[in-house]
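Feature annotation from Swiss-Prot assigns region 'Disordered' to 1-32, 376-403. The domain 'LisH' annotation in Swiss-Prot covers 40-72. Positions annotated as domain 'CTLH' by Swiss-Prot: 73-129. According to Swiss-Prot, the repeat 'WD 1' annotation covers 244-283. The repeat 'WD 2' annotation in Swiss-Prot covers 294-333. Annotation comment: Swiss-Prot describes 336-375 as repeat 'WD 3', evidence class sequence analysis. The repeat 'WD 4' annotation in Swiss-Prot covers 413-452, and the record cites sequence analysis as its basis. Taken from Swiss-Prot, the feature repeat 'WD 5' applies to 455-494, supported by sequence analysis. Here Swiss-Prot flags 499-539 as repeat 'WD 6'. Look at Swiss-Prot and you will find 542-582 tagged as repeat 'WD 7'.
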Amino acid sequence: MPLDNKVQLNENGKEVNNNNNNDEDLKIQDNHNNKEPFFNRSELVRLLIQSLNSLGYDKSAEFLEKDSGISLQSKEINQFSECVVSGDWNKVEELLPFLKLNEFDTNNVKFLVYSQKFLEYLENHKIKEALECLRLEITPYTKDTSRLQVLTSLIMTSNSSETKKQIKQRSSRVNLLDDIRKYVNPNIMLPENRLEQLIKQSIQYQMGKCLYHNTSEQFINLFKDHTCDKSQMPLDVLFTLKDKHRDEIWFITFSHDGQRLASSSKDNTIIIWDMSTIYLDQPTEPKVMFILLGHTKEVSHLSWSPNDKYLLSASNDSTVKLWNTNDGTLLKTFTKHSDAVTCCGWHPDNKRFVSGGNDKNIYLWSIENLDLTNSNNNNNNHNNNNSNINGNSINGSNNNGNNNNNISPIKSWACARVNDLSIHKDGKQLIIICQEKKLRIYDLENEKTPEVVLMETDAITSMELSNDCNFALVNTSNQEIHLWDLEKQIIVQKYRGHKQGRFVIRSCFGGVDQAFVLSGSEDSTIYIWHRSSGILLETLSRHSGTVNTVCWSPCNPFIFCSASDDQTIKVWSRSNNHNSFINNLTNK
């Protein structure tokens, strides 16, 4: 059919073709292989008209309508949209039949329209009219009493500043039109910015299939398919931090702002490193800020508070210690556990934390009412057999601090030996892994809520939550890493290739949008997988002992660190050493 022929739409928005040729659906032919595409030509033209309008090319859109003979929408639908935006509610109701809705959806749309009318009455302080609208127009079209209660409460508190703010936020005619579109056949009323949505979906699909996608570019070239090469991946060692820890390094973790790194070792010590210099255009080797002494046995786990003011350390000496990260002083020692403490983690309120251990107990602690002034009078004297290494300040103590033994947890849970734990970013759930091959999820706000149990087939040694806390990486003893969807409660991906059987090996998410999974291994190698596909991308062999733990910088997708039994920490970056990066990535 030639483009200048008039095309009519039926009542369902479908094209009516009055010609008798074989091109019934006006489909575009592929010039290369003469195959028909999967879309209708008139739909594409309508999307182009809509896009031209949204870009401000109204005259071009009008010309395309005339030249093609295809209308974006029927005149009644256009009039309906105009009336919604202008607030002509009587005309809106009159034009409702042209939306071709069933009775249920018609009632829902009427409820939306009358609710908008009600909110505008309140916004203009027309309380009497709002009450009449609620009683005569809104109530007949919903059986959901909770929705009515919300609107009624707005009347009762209409003079409060908070209610006025809510009314203003709710009473948007543009938002109303978007809500109405959800009920209408898209052939009749096109979804807003539909062509742009399709382009975004295409780009997101290409990015998802791009194995090495690790870029923060805001704009993607529409003239070619998106691909990334290895140049954006941190595959080269930038620095090797050595001669500070004197035994195996078991744990490392970045502060939330990425400017510091904490490491713990079998040598009973904790080191806080200044990492700010690795992000410079000309990076320099990180320096030791503090060496924290005080534990009498191996330190197996560390956790920064959400505001990075405090650091928790969990040790095989059965204690948890709380440190001031600004000066390295020991603030408190928590001694409730009767066996090695294997893990600890903060609540997002910065006031509470949890600890778990081999004594089969989990404790919830609060520091809110504790005296967190320097609890150790010897901290600032640098005695207790501490020495100053390379001029770096060393703080810490073998004392437990004043009255530490009187600190009691505010809550406890009994379970099997605890291997790892974490608190959801909303503070409502505690996720733990035990030696009984289970992930357990506890409700921290409601004790009556039954725990959720996710079963594994092998022992679970460690766990890492994604930034959105919807997914958990768990390392298992059968040399697999499993990605759990915590909402759907299923394993969505498995990662294989690394070696793990004798030791605790830790993995992490990393890169832009956490698109990669990174893990240490007992074969002295680091493994990198594509998160969504599970494809093994890289193996990095620069350590000379078991790689126990890895962590990716939270503020730069081109930096990660690894720690090993070889007593070193390696800082990894891109080969071109372009480490400067806008440190404003939002921590999810």
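Note: Cβ is positioned from N, Cα and C throughout, glycine not excepted.
In terms of DSSP secondary structure, the repeat 'WD 6' (499-539) contains 3 helix, 17 strand, 21 coil. When Cβ distances are compared across the two stretches, the repeat 'WD 1' (244-283) makes no contact with the repeat 'WD 5' (455-494), since fewer than 3 pairs at least 6 residues apart fall below 8 angstroms. Outside the repeat 'WD 7' (542-582), and at least 6 residues removed from its termini, the chain residues within Cβ reach (under 8 Å) are 214, 216, 231-242, 245-254, 256-259, 261, 263, 265, 273, 275, 278-281, 283, 286, 503-512, 516, 518-526. Listed as Cβ neighbours of the repeat 'WD 4' (413-452) (distance under 8 Å, sequence separation of 6 or more from its ends, same chain) are residues 301, 342-349, 354, 356-358, 360-362, 364, 458-465, 467-469, 472, 474, 484, 486, 489, 504. The average pLDDT computed over the domain 'CTLH' (73-129) stands at 92.
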